Structure formats: C-alpha cells, structure tokens
Amino acid sequence: MTQLAIGKPAPLGAHYDGQGVNFTLFSAHAERVELCVFDANGQEHRYDLPGHSGDIWHGYLPDARPGLRYGYRVHGPWQPAEGHRFNPAKLLIDPCARQIDGEFKDNPLLHAGHNEPDYRDNAAIAPKCVVVVDHYDWEDDAPPRTPWDSTIIYEAHVKGLTYLHPEIPVEIRGTYKALGHPVMINYLKQLGITALELLPVAQFASEPRLQRMGLSNYWGYNPVAMFALHPAYACSPETALDEFRDAIKALHKAGIEVILDIVLNHSAELDLDGPLFSLRGIDNRSYYWIREDGDYHNWTGCGNTLNLSHPAVVDYASACLRYWVETCHVDGFRFDLAAVMGRTPEFRQDAPLFTAIQNCPVLSQVKLIAEPWDIAPGGYQVGNFPPLFAEWNDHFRDAARRFWLHYDLPLGAFAGRFAASSDVFKRNGRLPSAAINLVTAHDGFTLRDCVCFNHKHNEANGEENRDGTNNNYSNNHGKEGLGGSLDLVERRRDSIHALLTTLLLSQGTPMLLAGDEHGHSQHGNNNAYCQDNQLTWLDWSQASSGLTAFTAALIHLRKRIPALVENRWWEEGDGNVRWLNRYAQPLSTDEWQNGPKQLQILLSDRFLIAINATLEVTEIVLPAGEWHAIPPFAGEDNPVITAVWQGPAHGLCVFQR
C-alpha cells in the first residue's frame, strides 16, 4: 500500500499539485488522525497522517488524483464533561472539503453518542469528501464594485427565484445556471437591481426532525461543509462550481454584484443529541463554545455556537471567506446571526474575527453586511459593528410597518428611520449606507402577506403554529387572508405602494425581498424555512406587472435624487432635506411627537414626498412652486399643482418642481 509522506501543514484541506494530494486537518486535542480514502468499489484504505506541526495534522498521498473520495477518523479522549467527544468509529467530513458525495440522512449511525460513545462504524453510509482540482477561465471578469450609495440589494433563494419561471429552460430552473440566464439577468437589470443577495449556497443538511416529518431545510441555514456548494442547486454535482462561477461571470458582465448569505455561527451538528458530521468529532472543544458542564452555549437557537474567538476557528472562517472571494469572485457577504462573530464571549468591535477581516487585503475590500444580533444576553448589537460593516436595520422595518399599517408611531420616529437611522449608525465614521433598510426579508411575512394577514399561519411547519414571530406589525385591512372585495384589494395595494415608496426613497441602502415586487404570498407563513414547494417558489405566471413596473419606477426615481445617492448624513440647512407639515411649514416639537401622520419630505429642494397616512382625505398645502407628480405616481392627466394636493386616505405622492 502506498505510504503517506509528511507533506505540508498548509493550506488547510485537500490540495492536488499535479503529482498527488496534500491533506491537512486542524485538531488541538486529537491523539491520532487517520486519513480514510475510498476506491471505486467503496473499499476503505486508512493512513495515519504522519505530520504533526503544532495543532495541524498533515500528510501527502502520492499519485492521488482529483475525484478521490476521503474522510477522517480522529482519535482522542471521550470526556463529555471536558468537551471532548472523539469517536474514531465515525467517518468525519473535512471542514475545508470543496465537494461532498452522499446525503446527510437521518440515521442513528451518524450520531456519536450522548453520554456514552456509539462505536458502530458508519463509513458505509457516511457522506465522503471529494478531492477537486480548480481550472476555470474567468476571461476578463471584474467585480462591478458598485458604490454603496448606488447599491440596490435583491434578496433571493437560488431555487425559489427561478424554479417556476416559464421563460427559463425547464432543465435548468432552480439552479445556479438559471441565475445567469439572460431572462433572469434582463429582469434584474430592468428592475434596477445592482446586487443579488443569495440565501446560503454552502452545503447544508436538513435537520433530522424535519426529515422525520417529510420536510427539508429549504433556506439553508444549517451548514455542514462551508467550502462546498450545495449540490441540489446544480445541474450536475460534479460541475456545481463551474455552474456557479458561470452565473457570477454573467451577472458581473451585466454590472450586478453577488452577495452570499453565509452562516458562521453554528453547524448542522446541532445540540448534543444532533448528528456527528465533522467539527464535533475533530475538535469539539476548540470549534464550539462549551459550557462548564461540557454542553454547548446555544447562543444561536440551533443547538451550538461556533467559537470565533479561537485562533484556529478564526483562521478557518477567514479562509472560508477568502475562498468564496478568490475562487468564486463573490462581491460580499451577509452574515447570519453576526453578533456571534464578535463574541469573546462578550461582544467586542475588536473581536479576533473582526480584526482578521479588517486586516485582510481581500476581505476588507468586499461588501460586508451583518444581521446584528444573536439570541444570547447582550446579543442585540444593531449599530455596534465595526465601520467596515453595514447592518440590517430592523428599526426601519418596524417603523415603516407601524407607520403605514395603523400602529402608533410619532412622526419624529418615522423621520429618524427615513434618515438612515442616524441615531443608531452615525458613529465611528460610518456613513448612511451602513443602514440596510428593509421592510421584509426571507424570515417573516412577505410584503403582500403584511397587508393580508394579522396573524401567522405556520401550521405546515409541523410545530402547531408555535414557530415564527408574533410581532409582525401587519394589518389585514379587515379580512384575514388573500382575496376580497375590490375596495379591499385597492386599500391593500395602496399600503404596499406606501411601504415600497418608503423603502426605496429613504436614506440608506435598500434591500428588496424577491417576489415582493410582484405580489408573492406565502399564505401567512412567516417562517417558511422548511417549505420547499409552491409556498416559497415565485410564481412568475401570477406576477403583477403593474406592481413590478411601480417598483422599477421607484428605483429609477431614487437614482435621480441627489440626497439619496450622495452618501453623507443630512444636516440642518444643507439643502438635502426639509421636513414640513401639511401646511408646508416646519414641524413644531409637538407635531413631531403628537401630530397626525401627515408629512412632507422635501429632498434636494426639487423632489417632494407628500404623505397622508391618516384615514381621512386631507388637503396638503405644497411648498411654493409649480409641482407635478412624477412616475410612478403620475397618471395620463398630470396637471401642474401650485397650491394644494388632495391627499387620499392612507396615501402618498411624489412631486417634482
């Protein structure tokens, strides 16, 4: 049998050099590491990794080639109270594997044991890593590098976006290839999108609980191999990487950036009753935050929490991010439950991973977006991330919904959110673009459901409607569910228009949820993470062309307003913004706090947003000048208005002079 040479301790993972493959694995507490390779017949061959440099185990297998399937068996103590759960009976995934062969099924053999180790061998059914070689012609690809102040983000699911699109070839619908199809790219361009933000594409597993109910993890926030693409989105698993890069190259040629939603807060190994795939068996004590009793700190709600203050885990996370930028040319990341990135265990702006990103010449140059919270004490960190990061602005989401959907909200609070939440983000040299404004996202109601449902309807998730938030700030306008009278449909449409206008004409970086622009509904499910079906797939045949045109016109209008595309904070008297009451006078202190929901926002001294969010038709006295409504608010008859606008109940209009 071929003997392993010592090889090199870097880089981590399996790397083919034309003559053989170098294997490296981090484990600070292992006593022995076996490389297990599998031939075409599934026969396993084991080799002890002979190299041991610090905490890196390594070896070189001569004559090994791309396509080789492999895994690891890691020997060490079984001491649960100390956080050690080594079990060499279990084949483990390389954390840096770039392709996985096999499925992560619910099987007792894929568990290590809870209090006592399960010594049943699982190599016959365990997924295997695959050695890959990287040859790809990027041609003249270059990142668009869209400035933050010109960025319009579109959050989408790879499968859900295109699976039902009638103009995309059936054989590629729901895949990476479909993202780069001319029909999809033309649609995004016409809409005005500059950045496509994809829900997780790194390989993930469905939780055993979901599998037992006949469901699956649709969103992908359950990662198992952070360097490998999820194969279900590929036409062929063997060509997934090239399919993904082809799509990115096509999107870049159209000037559209690609941002990946990435999960660096927990793994698919879940809690101590969860499956054993990789990290738990390689070095549980190093990779996870461990309590004094040996259990996990569950700061994510997913059973475990990655210890991103450990130097080796910081190196692992940094290498993962660099891989996606350097190998796939992605333009940025949205970090799920990003407060975990700053835990030491207290949240710190100078936490090791933040520092590593800031000091990296690659990662410091891409777009970085934080979901700025986790579920632990002190986990809500909106506004507290380092200056390189933009952040999801849930203050904006809640304020926009409360203002337009008949909840109490003072004008001052609404104006503050409209002005990029300067009270939250104007610190440490940050600019207005740091506020990622959103009204909806993948988790929560869609925009249409916000105006059709007062309550969540998550029964299909199998948890008796207990899952998902109850704080939706939604309004069904008098009838629970879709459909209704013409008057009801029109009132809901007006609310959708108002929310979209607030989102797309406010200061900050807007993020639009895919499907909101044509009225997609999840029938009241506000936590559709396990619904891989018509509930979440966008039905393009039912798309509202009128709403799509309205959204595109708003985005086009946004790009014409200097106050919205100049990335600087609005100051009193700078000509960017004036806040006026219904009589075109500056608002008094009392009006800011107690006045009716009537407001005029004058932007760049030429564009006026007139708002009447009350339930009564109200005369709005416009500022001096000749005003005319502009698309998408202008009708065929668009007379010049010089004095008064008859503001319909729950309405708004945008004028230019």
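Note that Cβ sites are derived from N, Cα and C of the backbone, with glycine treated the same way.
The following features are taken from Swiss-Prot:
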{"type": "ACT_SITE", "residues": "Asp336", "note": "active site, nucleophile"}
{"type": "ACT_SITE", "residues": "Glu371", "note": "active site, proton donor"}
{"type": "SITE", "residues": "Asp443", "note": "site 'Transition state stabilizer'"}
{"type": "REGION", "residues": "458-479", "note": "region 'Disordered'"}
{"type": "COMPBIAS", "residues": "458-467", "note": "compositional bias 'Basic and acidic residues'"}
- Task: State the Cα to Cα distance, in Å, between Glu371 (active site, proton donor) and Asp443 (site 'Transition state stabilizer'), rounded to an integer.
- Result: 12
- Mind tallying the region 'Disordered' (458-479) by DSSP state, helix then strand then coil? 3 helix, 0 strand, 19 coil
- Task: Have a look around Glu371 (active site, proton donor) and count the other CB atoms within 10 A of its CB, chains all included.
- Result: 22
- Could you list the residues of the same chain, at least six apart in sequence, whose Cβ is under 8 A from the Cβ of Asp336 (active site, nucleophile)? Pro200, Tyr221, Asp261, Ile262, Val263, Leu264, Asn265, Glu371
- Helix, strand or coil: which one is Asp336 (active site, nucleophile) in, per DSSP? coil
- Measure from the Cβ of Asp443 (site 'Transition state stabilizer') and count the other Cβ atoms within 10 Å, all protein chains considered. 14
